[in-house]
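Look at TrEMBL and you will find 9-216 tagged as domain 'YjeF N-terminal'. Look at TrEMBL and you will find 57-61, 130-136, Asp159, Gly324, His375, Asp442 tagged as (6S)-NADPHX binding site. Residues or ranges marked as K(+) binding site in TrEMBL: Asn58, Asp126, Ser162. The domain 'YjeF C-terminal' annotation in TrEMBL covers 224-502. Under the heading AMP binding site, TrEMBL lists Lys412, Gly413, Pro414, His415, Thr416, Gly441.
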Amino acid sequence: MQIVTAKEMYEIDRLTIEKGGVDGKLLMENAGRSIVNHMLPIIDRTKSILVLVGGGNNGGDGFVIARTLLTDGYDVLVVQLVPDYKIKGEAAYHKQLWLNFGGIVHVFQDTSMIRRYLLDADIVVDAMLGIGISGEVRQPLKDVIGLVNQVEALTISVDIPSGLPADEGESHFEAVVADYTFIVEHPKMSLFLESCSPFYGKWEVVKIGLFHSNLSSGSRIAWRERDVKRTLPKRSRNSHKGTHGRGLVIGGSSTMPGSIAMTLKAALRSGAGLITGGTINEVFSSIASHCVEATYLPLLGKAGAMTTQPVDVSMYNAIAIGMGMGRNEETAAFTRQLVKDVTKPILIDADGLHHIKDDLASISQRKQPTILTPHPGEMAMLTGISVREILLHPFEVSKQFAYEHNVYLVLKGPHTIITDPNGNQLVNTTGNQGLAKGGSGDVLSGVLLAMIMQEQSMIEALANGCFIHGKSADLLISSHRSTEDLLATDVIDGLASVFRTL
Ligand SMILES: NC(=O)C1=CN([C@@H]2O[C@H](COP(=O)(O)OP(=O)(O)OC[C@H]3O[C@@H](n4cnc5c(N)ncnc54)[C@H](O)[C@@H]3O)[C@@H](O)[C@H]2O)[C@@H](O)CC1
Ligand SMILES: Nc1ncnc2c1ncn2[C@@H]1O[C@H](COP(=O)(O)OP(=O)(O)O)[C@@H](O)[C@H]1O
Ligand SMILES: [K+]
């Protein structure tokens, strides 16, 4: 499912009309009708429906929705928020159809009129502003958006909640807080931004028959279950433990022994053939009892943390480093040296990211894939860009960084963005706030390590790992866990139910 900017969406519209020969009026009809089909399970004939129509094509969709519902016997009222002369083109055509079919258009007079209609409505269809918004919302729409957000009625937004930007980078907006949004054809970038996603409510993408095209701006795809099912390698009946990779996890320190244990266990639970934990002597005993299936590589420690030493990694297919290592300077030097020497794919997380912060130039020279898995705070530390700016432009910041440093970047969050060194991006669609707890990242690293050792493209392996990790949390909170009590170790246990369905 391609994620688009407003500009890309207009380009796809244009191609559909010019190359595909599909009339814009037909597309609008398709959009309105498809949205009604998606609305039917959540509305019923006893409810009164108010359609708020703006001056662009989003409003045009609103006229089609109103007509489709009216002809199906629903109680529908249309309020047009702009003067008649502003309704043009395809929207004017569909307004005329609405009138031909016996519909009435109530033109906006003042906010008290809107307040009255809103109080009488059970359902509000928000077709005021779509992806054509520019600048701050003007009056009277600004007030109307405020009123829509005050009333009890169920709010259904068409394509995008009115007032919300489609793209990243906007920090000031006033928008409808929708209960449902039916997104036309492609999710817009803002659906995956922390500041914007709550406005969408529950969402679904409705297909209207647009042209399929490869955008010149590179691929940006929402990674869903069907993608995982398509790309996840199947375990052969004849496989042996060596087939699924031999992985090394380096981490842990006297104060943080648990994190490496979680990474080891998660890797094993995600199909890795053989996993070794590289950690200091004083940590072994405490973690070995938690993960008896792993083997261990003793490393030299000083003051409870790893110190500089050579490590033979020749027998491993991939390495994960950083979890629970601590920030000691000798540990940092050890990490930097290892990352430089190792000619295997290497995943760097947590403290490991701090250690390589000033060594990104040598990372970009690596011939084998380097995978960095920062959360926004770690990304800020790596880039010198504030967390606020990162969250405002996560797609752009990720793309620049991955390209500049020749790395695979997994920028973690409610919508984790995975970027390859060419700037292709996959966005995870699973996970919930139960994961916002210590240890979730360690588990993710283990799942990712297992994935990258199995045959699949690197970016898909990372996206599959993120999907599986989030899905485990989703299944757990839909059964016997809550977002409050969910623990990282539960997410490891939950991996079984995810793999059974894939
Ligand atoms: N080809 C088509 O006809 C299709 C149109 N579609 C719909 O069309 C929408 C995009 O249509 P448009 O490009 O006409 O854009 P919009 O419908 O988002 O709105 C543009 C209108 O809003 C006004 N406006 C812009 N910024 C404003 C602000 N800050 N405050 C107040 N008013 C403002 C403009 O004056 C203009 O009248 C999509 O979101 C989608 O709903 C889809 O149905 C897909 C197919
Ligand atoms: N609100 C949320 N919704 C969905 N996933 C989340 C949320 N918060 C965190 N996560 C996921 O949980 C993991 C947290 O990783 P990280 O921040 O490194 O945790 P830690 O360092 O505590 O182990 C990431 O995979 C992230 O995507
Ligand atoms: K809208």
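Cβ coordinates are placed from backbone N, Cα and C, and glycine is handled just like the others.
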Using Cα-Cα distances with a 10 Å cut-off, which of the binding-site residues Gly59, Gly135, Pro414 are near Asp126 (K(+) binding site)?
Gly59
Look up Ile133 ((6S)-NADPHX binding site) in the DSSP assignment and report helix, strand or coil.
coil
Let me know the most crowded of the binding-site residues, choosing from Gly59, Gly135, Gly413, Pro414, Gly441 and counting other Cβ atoms within 10 Å.
Gly59
Any same-chain residues 6+ apart from Lys412 (AMP binding site) with CB under 8 Å of its CB? Would you list them in sequence order, or say none?
Thr373, Pro374, His375, Pro376, Gly441, Leu444
Express the distance between the Cα positions of Pro414 (AMP binding site) and Asp159 ((6S)-NADPHX binding site) as a whole number of Å.
21
What is the average pLDDT across the domain 'YjeF N-terminal' (9-216)?
96
Three-class DSSP secondary structure - Asp126 (K(+) binding site):
strand
Identify which of the following binding-site residues, namely Asn58, Gly59, Asp61, Gly135, Ser162, place a Cβ less than 6 Å away from any atom of ligand 3, and list them by sequence position.
Asn58, Ser162
